[in-house]
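Q: Under the heading domain 'Tetrahydrofolate dehydrogenase/cyclohydrolase catalytic', TrEMBL lists 5-119. TrEMBL lists 138-287 with the feature domain 'Tetrahydrofolate dehydrogenase/cyclohydrolase NAD(P)-binding'. According to TrEMBL, the NADP(+) binding site annotation covers G164, R165, S166, I234.
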Amino acid sequence: MTEIIDGEAVAADVRDAVSEEVSRLSDAGVEPGLATVLMSDDPASETYVSMKQRDCEEVGIESFHVEIDADAPAEELYETVDDLNERDDVHGVLVQMPVPDHVDKRTVLRRIAPEKDVDGFHPENVGRLVAGDARFKPCTPHGVQKLLDAYDVETEGADAVVVGRSDIVGKPMANLLIQKSPTGNATTTVCHSRTEDLEGKLADADIVVVAAGIPEFVDGSMLKPGATVIDVGINRVDADTEKGYELVGDVDYESAADVAGAITPVPGGVGPMTRAMLLFNTVRAAGIQHDVAVDLD
Ligand SMILES: NC(=O)C1=CN([C@@H]2O[C@H](COP(=O)(O)OP(=O)(O)OC[C@H]3O[C@@H](n4cnc5c(N)ncnc54)[C@H](OP(=O)(O)O)[C@@H]3O)[C@@H](O)[C@H]2O)C=CC1
Ligand SMILES: Nc1nc(=O)c2c([nH]1)NC[C@@H]1CN(c3ccc(C(=O)N[C@@H](CCC(=O)O)C(=O)O)cc3)C=[N+]21
């Protein structure tokens with residue numbers, strides 16, 4: 001029987017743990033706060049940001065939101081980040097990606113104070129992750145790691161394939177999988193658009209994480225029977241639904257579920273975990289900034 005990995009359920013557990021730590025911080029006089037910044041008219045980005053605000057409310061994190069016109073000068077975004085870095089009531093700063101083309105993404109990521117960088121995208125935090133001394137693990141890979149742990153998927157000694165090498169998913173995912181720790185220790189192959197023999201790599205993989213941004217890119221015929229399949233992809237494809245689209249992953253769910261040992265659905269798989277780990281990082285950030293111990297790992 002294929003196990004369906006329930007991201008909503010695991011995310012709810014993470015939120016419960018976060019809520020408890022929010023109360024403890026509050027007892028110590030600290031009210032954790034997260035600021036989201038949106039510089040985009042993209043409807044998907046708007047949806048994600050409003051979901052993040054709702055999540056904050058649920059666990060008792062104060063949320064602040066700044067919206068910047070997509071055609072405003074880049075300086076406006078940089079200065080907004082500077083202001084949020086200065087505020088004592090803001091412990092985490094997240095600039096929703098992608099930013100418009102006239103904004104330099106690297107400048108944005110470097111401008112966020114590393115101790116408020118709850119996405120974990122600042123070079124200092126990337127460096128710490130790679131060095132095995134992570135402060136903020138990037139939310140999506142961290143969420144995947146939690147899912148694997150919650151479902152007792154053995155990473156130690158496993159052959160893992162990550163499809164995609166983006167800075168926000170593929171690269172940090174591979175880094176976590178190779179880490180010398182019980183939740184790592186996988187032998188990890190990272191595939192991308194120049195990979196010659198993706199099928200050959202996938203055929204041997206015990207754990208497959210797909211983050212390619214291509215709807216239903218990986219199907220069941222490419223998988224090793226019993227493999228654990230983590231579908232990070234979220235694609236809006238036109239469909240005759242109320243919203244005019246439906247969400248599909250980067251994995252062809254039907255055929256993959258026939259072959260896999262365990263699989264994440266879309267929606268309800270990795271997405272809710274990404275949001276839960278953002279709350280987790282925000283509480284950690286508040287703890288670090290106020291020197292209060294936070295019991296989350
Ligand atoms: N569930 C969640 O919480 C999140 C979901 N997402 C979703 O995950 C997906 C990936 O996001 P992201 O990492 O930001 O995407 P990017 O577009 O930044 O990266 C896609 C990666 O896939 C690789 N790729 C593209 N085509 C192929 C191919 N034919 N074979 C192998 N690899 C290929 C690219 O290779 P190359 O580097 O050579 O171009 C690139 O490394 C998207 O669907 C996104 O919406 C993203 C973040 C969070
Ligand atoms: N600075 C930054 N940090 C990010 O973490 C970040 C980002 N920019 N830009 C875009 C990607 C994408 N991302 C998602 C988060 C949650 C869901 C999510 O909750 N998905 C729900 C469904 C959502 C829906 O209904 O549309 C699910 O899969 O069940 C999806 C995608 C975070 N990202």
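Here the Cβ of each residue, glycine as well, is placed from N, Cα and C on the backbone.
Note: TrEMBL annotation is automatic and uncurated.
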Q: Output, ordered by sequence, the same-chain residues six or more apart from S166 (NADP(+) binding site) with a CB under 8 Å from its CB, or 'none'.
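A: The answer is A211.
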Q: Going by DSSP, how much of the domain 'Tetrahydrofolate dehydrogenase/cyclohydrolase NAD(P)-binding' (138-287) is helix, how much is strand and how much is coil, in residues?
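A: Its residues divide into 55 helix, 30 strand, 65 coil.
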Q: Can you give me the same-chain residues 6 or more apart in sequence from I234 (NADP(+) binding site) with a CB-CB distance under 8 Å?
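A: Non-local contacts for I234 (NADP(+) binding site): A44, L247, G249, V266, P267, G271.
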Q: Taking the residues G164, R165, S166, I234, which the record names as binding NADP(+), find the longest CA to CA distance and state it in Å to the nearest whole number.
A: 16
Q: Mind looking up the mean pLDDT for the domain 'Tetrahydrofolate dehydrogenase/cyclohydrolase NAD(P)-binding' (138-287) in the predicted model?
A: 98
Q: Determine the minimum-neighbour residue: among G164, R165, listed as binding-site residues, which Cβ has the fewest other Cβ atoms within 10 angstroms?
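A: Per-residue Cβ counts within 10 Å for the binding-site residues G164, R165 bottom out at R165.
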